[in-house]
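Reviewing the structure listed below.
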């Protein structure tokens, strides 16, 4: 579209300055500085503080303390006390994992007592699955509640240090310089607590199979075939007291970190994770902002502007040059169809032709490629691991050596099982549970690390989804929603929860360390498939280009602060706000549904340069 060579647009500037708020930053970095903030920060409503979210997470911390202490006390009791064996197990040869134990009365007392630090119960396979999966889901929810407090205080600690860029961050790999709960050593404690918790969960329970009846005859144990001699329950579940103590330590460490973070709750502007609420509180903007402040802002940002034509990248476009405005905004993705509104300080605001698709997360945040590579690396590692176990089994011929029955679950757990015994060492013979737990925690920590990194991609995608609601159903400036409802209605958050729970649960079958290291072929193959799905899901999120003319922000605080030009409404809509002058239109926000963006017209407010 051709525009006149030269014309006065002072009226255009005066009408457009409502959306051009001065958000001062350092020239070369994307940082807000306290000295550039408004001298009087408006009061924050209770709904904007999201105290309900804080209180819900505080309840999670309390439950974490209770559960942690209860697990430590229960596990210590299991280790210290020699518990009587349930009558049902007496006189039976029982398979626990890949090991067999004969509980015959009169055989060195083994027929009268549980193994040291263990309690055994008769439970059907279906109940065992529900218990192990339920424990993983409950632990994930509890750790997420406590971790949310830690990540929120980190966000506001970074704000105070002028280092915050995104609404979502990797809390365990971002540390504050001045806030004690978010220093590097507290992050290390939090990461350790996650590794201990998930490792202990994997070692906490082990499936049992009643294999045969047995009796002591002249000092010799004789087995009687189970299926011909008895028709009682054949399945059970063994609980490991050492893993119970480990689970309690892991939960207590995370509760400690979150409690320290709660002590710094006065630093938190809002407990909401909603990007718009964070931006509103962060920039000192509230719905009670006075008209006099807006008038003052307009009077400062209404210079005379002249526009002249100038080719940009070989195409005839226009560049509007201001006389005295100062707009120190950070850079945003380039738009090949841009018209630039430039200040005398060589800092620019772009006029752009609308694009029907916005840049992908990968193009705007190139660093997420490291997370891509990490997820694909896990997929490759498990594929190689599965292949190595299959080759080992093919050489030894023990494809079904540990199968006690032909049920589907038993086949999945134990077909092609490879094991490496370390308890033959006399020094470890009575410490195998403790050594096995340490091995399980060390190996499982790598899974925890990978899943935590994947959280960043999913949370950034969630922030973008929330932001893009402004062009359709509208986006609330005050997050009044129930935090549990907000979590369950976010498909990204629910997908992440499913992946975290299922992957940690399946890995508990794929790799088991008790008195030996057992590696299941089919669970390892399942882990390979799960990481393949996670890698494809991650690729979709980072490469997806959002549809629509609304500019993408991916949770960037300053970009959202720039694109929103009205805050005096509880619900904001983004769209066409009308013509400024002679074909140049304005895109921005309002408290009502706006007209659709026109694709062939230049706009102010679509990009920043």
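Even glycines carry a Cβ here, placed using N, Cα and C.
TrEMBL annotations: computationally assigned, not manually curated.
Computed from a predicted structure; not experimentally measured.
As annotated in TrEMBL, transmembrane segment covers the listed stretch 129-149 rather than the other ranges in 87-107, 108-128, 129-149, 150-170. Residue ranges 56-80, 206-230, 231-255 are listed, and TrEMBL annotates 56-80 among them as transmembrane segment. Looking at 335-353, 354-372, 373-391, the stretch flagged in TrEMBL as transmembrane segment turns out to be 373-391.
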